[in-house]
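Heads up: the structure comes next, in structure tokens.
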Amino acid sequence: MERTENLKKGEKGALLNIFAYVILAVVKLVIGILYHSEALRADGLNNGTDIVASVAVLIGLRISQRPADSDHPYGHYRAETISSLVASFIMMAVGIEVLIGGGKAIAGGTTETPNLIAAWTALGSAVFMYGIYLYNKRLAASIKSSALMAAAKDSRSDAFVSAGAFIGVFSSQLKLPWVDPVTAFIIGIIICKTAWDIFKDASHSLTDGFHLKDLEPYKQTVGRIENVHRLKDVKARYLGSTVHIEMVITVDPKLTVEEGHGVADEVEDKIKHEHDVTHVHVHVEPDDIK
């Protein structure tokens, strides 16, 4: 129940992102086109992909709230990971389009100097998006949402991209018009890099990948439990923002079945309490070490 409430809180951050990105995308695209800034136009297209990514996060958070059923005995938590994967494809497509546009402008030797209005628009956007990043970062940390944290990091990247657009446009005022399309090209690279990072993390999670170093805290917790002789095996996987763990422990072979079951319950309770894990399955075996 607590996890569902946290997912609902996460929707606020996703909705805030959508609202902010819609406004910024429209403003940047209009000003970028009217005042001849390739960098600001690229930044606006970047925000357009962010709208899609934020909508995907919102949809994923809502689907993830559905309870487990006969077809999904572990719940629907992976919906937010799937939505992130879809968003990464769209972001990559737009990033490539920006790269092509910036590359053509560089090759064409553009001499058109953007208006300073484009520079101030980019600077204002950078400050605004960094504020959005700080808000969503705090919210994501409080509700332990990896999807919202990823969205927050994307907002931080957007702030840096907008700052880069400001530098590009401002440099054009110093009789360096080539800096603007070069900045647009760099923005395209940043969009593609962000898309790749999201794709890599989402695909790793969906294929049940789990970094070995992240298992250490769980091993340390089990190691402190008195009646556990050995942690024979431990595996974990992500289902959305939740963690599911399976482990095999050994206990004194003289323990009764009921006592062994009690040790397993103690392990489950400590793992869930100390690490906010959703599901823990513990298999108990008699210790055969003499």
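Glycine too: its Cβ is placed from the backbone N, Cα and C atoms.
The following features are taken from Swiss-Prot:
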type	residues	note
TRANSMEM	14-34	transmembrane segment
TRANSMEM	82-102	transmembrane segment
TRANSMEM	115-135	transmembrane segment
TRANSMEM	158-174	transmembrane segment
TRANSMEM	176-196	transmembrane segment
Range from 14-34, 82-102, 115-135 with most C-beta pairs under 8 A to the transmembrane segment (176-196): 82-102
Leading stretch by Cβ pairs under 8 Å, where the reference is the transmembrane segment (115-135) and the options are 14-34, 82-102, 158-174: 158-174
